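The structure appears right after this line, and notes come after that.
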C-alpha cells in the first residue's frame, strides 16, 4: 500500500498543496515551524479520523477559513481508491470515497493503513492512561473498521449515562424508582457496548504482547524484558486470556461492577466502571515502565509499541505506510539504526526532518523542501521539490 497523491486545502499552515508520491522513501525537509508535521498529521487524520496532536478538529482548519480539505489517492495491490475529507467549522464533517459522498465519516476508515511514529509517542509510556487506550483503539479501528462504530456507540452511551448521574447527584432523586429504572437501562447499554470494546482491546493486547517483546529486544538488546497487559477497572481473573468470544462474561462483569459501585457513582456524579477507565500496563522486567524506566528505555518502549502495530498490520496482509515525524532526531544512534532497518522493508515511508544529518546514512530517498511564504492571508507553507 502507498499514497500516490496527497492534497490539502486550508489545513493548518497550508492554503493548498498537491503532492505526487511514489513507493519508497520521501523526506519532507525544512526548519521547524514550516509545516512538515502538518503534512504527517493530515495523513494520520485520513487513517484514523483524528489528530495525534489535538483532541478536536477546529485547530486543523487554517485561521480565517471555515473548512479544511484532505485528499488522498491510495494504491493497494494495484487498485486506486480516493479519499476526500472535509473538516468543517460549525457543522458535521463530510467524506467522499471515490468521489461519492458516504453516509458516515467512518466508512473511509481502513482504506489508508498507516503507522505513525512521532515525538508525542513518549506519552504512550510516560503519559496518562488515556494515551494508551487511544493507541489500542486507533490500531483496532485501522485493523477492523467496524470498531469505529463500537467506540462511537460506547462514547455516546457513556455521555448520556454520565449526564443522568450528574442530574441524579444534583437533584438527589435516589428514592425515585422510575429514575433508577432509567439508570438500569443505561447500565445495560453501557455493559453491552463496553463489553464489545473491551473484548476487541483484550484480543488486540494478546496479539501485541509478543511483538512488543521482540521489538523492544531489537531496540535495546540485553535490556530488561518488555511486557504489556490489559488491566480492567473490574476485578476479572486471568483477563489476559479473555478474548472476543468471552463478550458475555465481560458484559456480566460490567453489569455487576456497575451495580456494586452505583452508590459511589451517584455520590460523585461520574461513571466509574467501564473501558474508559481501563489501562494498558507496560512493564520492564518486574517494574512498571511509567515512573521507573529511564528516558532511553521509555523511548525504546514507545517505539516498540509502534513497531508491534506495524507487524500486526503487515500480518493482516496489507503493508502499511510508515509515517516518521522527526523521530530520528529524538533517538540515539543504535535506536536510529534499528528503526531504519525496519523502515527499509516498508513499501512507503514518509519522513519529516529539520536536519539532514538526522536521516540514516545511505538512505535512497526523494527530498521535498518545506518552506514558508507570505500571502494575502498571512504566512503559509509551500513545497519545493
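Cβ atoms here come from the backbone N, Cα and C positions, even for glycine.
If you look up Swiss-Prot, you'll see 30, 31, 32, 33, 34, 35, 36, 37 marked as ATP binding site. DSSP assigns residue 37 (ATP binding site) to a helical segment in the three-state reduction. The local packing around residue 37 (ATP binding site), expressed as other Cβ atoms within 10 Å of its Cβ over all shown chains, amounts to 22.
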Message: For the binding-site residues listed here (30, 31, 33, 35), tell me which residue's CB has the most neighbouring CB atoms inside 10 Å.
response: 35
Message: Going by DSSP, is residue 30 (ATP binding site) sitting in a helix, a strand, or coil?
response: coil
Message: Give me the count of other Cβ atoms within 10 A of the Cβ belonging to residue 36 (ATP binding site).
response: 26
